[in-house]
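Here is the structure we will look at.
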Amino acid sequence: MSENSTFSTEDSSSSSYKPHASNLRRAGKKCSWASYMTNSPTLIVMIGLPARGKTYVSKKLTRYLNWIGVPTKVFNLGVYRREAVKSYKSYDFFRHDNEEAMKIRKQCALVALEDVKAYFTEESGQIAVFDATNTTRERRDMILNFAKQNAFKVFFVESVCDDPDVIAANILEVKVSSPDYPERNRENVMEDFLKRIECYKVTYQPLDPDNYDKDLSFIKVMNVGQRFLVNRVQDYIQSKIVYYLMNIHVHPRTIYLCRHGESEFNLLGKIGGDSGLSLRGKQFAQALKKFLEEQEIQDLKVWTSQLKRTIQTAESLGVTYEQWKILNEIDAGVCEEMTYSEIEQRYPEEFALRDQEKYLYRYPGGESYQDLVQRLEPVIMELERQGNVLVISHQAVMRCLLAYFLDKGADELPYLRCPLHIIFKLTPVAYGCKVETITLNVEAVDTHRDKPTHNFPKSQTPVRMRRNSFTPLSSSNTIRRPRNYSVGSRPLKPLSPLRALDMQEGADQPKTQVQQGSAQATEHLQKALEFANGHREVENVLAKHRRPSMASLTLLS
């Protein structure tokens, strides 16, 4: 019996049991914060005074959630306010006793929430980030009622900062260039914005974890990550949000991304494998060493994969480096160590399907870009925690990492240009990432394949609806990683692995490898069925002449 249904022992023999009042209150509280449905959309509500990094956190969190495949969108209340009030004059608009302005601000919030609802119901969004101050309990209660009416989950993120240096830096870096202050000098902007903050302080009611807000789900981030307070995390995605927010920081740093030096397989046009560096690849490694020495980067960490070409590149630097298996190149499965021409000849269906939707396509016995993103999530977390880092990796891995920092979607990610012997210098800034490309003037082959522009036949099964490869696997082991391309996406109709056999009727064409493999699979299946049917017939005859023993019962079952 659960603790919420415990009865008093003195009434246990009575026919009318009454639960303790304390247990009823505890049960009521549990229901008050539990979600309506496990998979309900989540509304993230930012809280905090101006210049506390709310928009920074909103955009960074949205970028991360979209990168891991959770559709997320920011709804910034300032954008709605500027639409309603075309010209901003002064901080007087934010005074709590300015009734007309208060009505406008509330109406803007309601319009934004309706857009949140439309995003969830019409655009299949999963998470919306409501980026506003939301400093009063009245405003937060209004948001909670809206969420309750629509069965949305709510998770609050409060940013608290009392460090004057951090606040001043935020104002100078972001607010001076705000659309609220066109053509104003810096001193006037600082003065007006500080007065705006004072207007909010008058009515600011922080989250109260001990009393008023103890049943809400939230995280308090204090002084840009010095301390955290987490309360009543409801589900998996909220725990992911908490984990991410506890890893990010705002200290200045630089991240360098580059591929290994040109390899022997690069020269041959082969993908995957574990070949060593070519002569030009070794020249790049020496040029990279010289570049790093000239930069004089403080406390630089160097990470590589566990493949030979990245290790050889790092060895030439003469510094300590760490090997990460999760930085290995995408697993091409049965296509490892093949050229694209060979893949097209041996596995034409696979080649066409990969061109159709490259992000979701999974190599037979290998990985997709979607798999690779999931594999690289710990790397992103560590990059967010660290200072200066150089990552020496591979083309597909580098694309995934760049897509995170540059906020690129699944359509763009597999086609990002990451040439050999080029360094990407990433410097996180207020609302994004500054990117510089550095060429070390060492020639290399071009391994990039542009996105195909040809139209695909309508009869071909889309990648996202295709559960399994038509291509036989390279080994007889049938226990393989399932090739489901999207969570919850099931085929519209059953997909037969023997579809290629239909082409044989009425046509004298040589069988492809796909057809041969499918024919062999059919032959084995028929033999197995014949054996099973024959076995059942023998058992039926024996059963008529003798009483079945335990052994035969077991066999028959």
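The backbone N, Cα and C atoms fix where each Cβ goes, glycine too.
Non-local contacts of D131 (active site) by the CB criterion (under 8 A, 6+ apart in sequence, same chain) comprise M46, K54, T55, S58, V74, F75, N76, L77, G78. Secondary structure at D131 (active site), as computed by DSSP, is strand. Marked as active site by Swiss-Prot: D131 (among others).
The active site annotation in Swiss-Prot covers C161 (among others), and the record cites sequence analysis as its basis. All protein chains shown were included, and the count of other CB atoms within 10 Å of the CB of C161 (active site) stands at 18.
Listed in sequence order, the residues of the same chain lying 6 or more apart from H260 (active site, tele-phosphohistidine intermediate) and placing their CB within less than 8 Å of its CB are L277, G281, L307, R309, T310, Q312, T313, I392, S393, H394, L420. Under the three-state DSSP scheme, H260 (active site, tele-phosphohistidine intermediate) falls in the coil class. Annotated active site, tele-phosphohistidine intermediate per Swiss-Prot: H260, in sequence order.
Summarising the environment of E329 (active site, proton donor/acceptor), the number of other Cβ atoms within 10 Å of its Cβ, over all protein chains shown, is 24. Residues or ranges marked as active site, proton donor/acceptor by Swiss-Prot on the basis of similarity to another entry: E329.
Per Swiss-Prot, the feature ATP binding site maps to 48-56, 170-175, 351-354, 395-399, Y431; the stated evidence is similarity to another entry. Residues near E173 (ATP binding site) in space but far in sequence (CB under 8 A, at least 6 apart, same chain), listed by position: A430. Secondary structure at E173 (ATP binding site), as computed by DSSP, is helix.
According to Swiss-Prot, the feature compositional bias 'Low complexity' maps to 1-16.
Under the heading phosphoserine, Swiss-Prot lists S32 (among others), citing similarity to another entry as support.
The phosphoserine feature in Swiss-Prot is assigned to S469 (among others); the stated evidence is a large-scale study or a structure entry.
The phosphothreonine annotation in Swiss-Prot covers T471 (among others) and rests on similarity to another entry.
As annotated by Swiss-Prot, phosphothreonine applies to T478 (among others).
The phosphoserine annotation in Swiss-Prot covers S486 (among others) and is backed by a large-scale study or a structure entry.
Here Swiss-Prot flags S496 (among others) as phosphoserine.
Per Swiss-Prot, region '6-phosphofructo-2-kinase' is recorded for 2-251.
What Swiss-Prot lists as site 'Transition state stabilizer' is R259 (among others). Around the Cβ of R259 (site 'Transition state stabilizer'), 29 further Cβ atoms fall within 10 Å across all displayed protein chains.
Here Swiss-Prot flags N266 (among others) as site 'Transition state stabilizer', drawing on similarity to another entry. Within the same chain, residues at least six positions away from N266 (site 'Transition state stabilizer') with a Cβ under 8 Å of its Cβ are S278, G281, L420, A444, V445, T447.
Residues annotated as site 'Transition state stabilizer' in Swiss-Prot: H394 (among others).
In this structure, R52 (ATP binding site) belongs to neither helix nor strand by DSSP; it is coil. Neighbour counts were taken at the CB atom with a 10 A radius for the binding-site residues Y56, Y431; the maximum falls on Y56. In the set C161, R259, E329, none of the recorded positions has a C-alpha within 10 Å of the C-alpha of Y56 (ATP binding site). The two recorded residues, Y431 (ATP binding site) and E329 (active site, proton donor/acceptor), have Cα atoms 30 Å apart.
Listed in sequence order, the recorded positions from C161, R259, E329 having a Cα within 10 Å of the Cα of G48 (ATP binding site) are C161.
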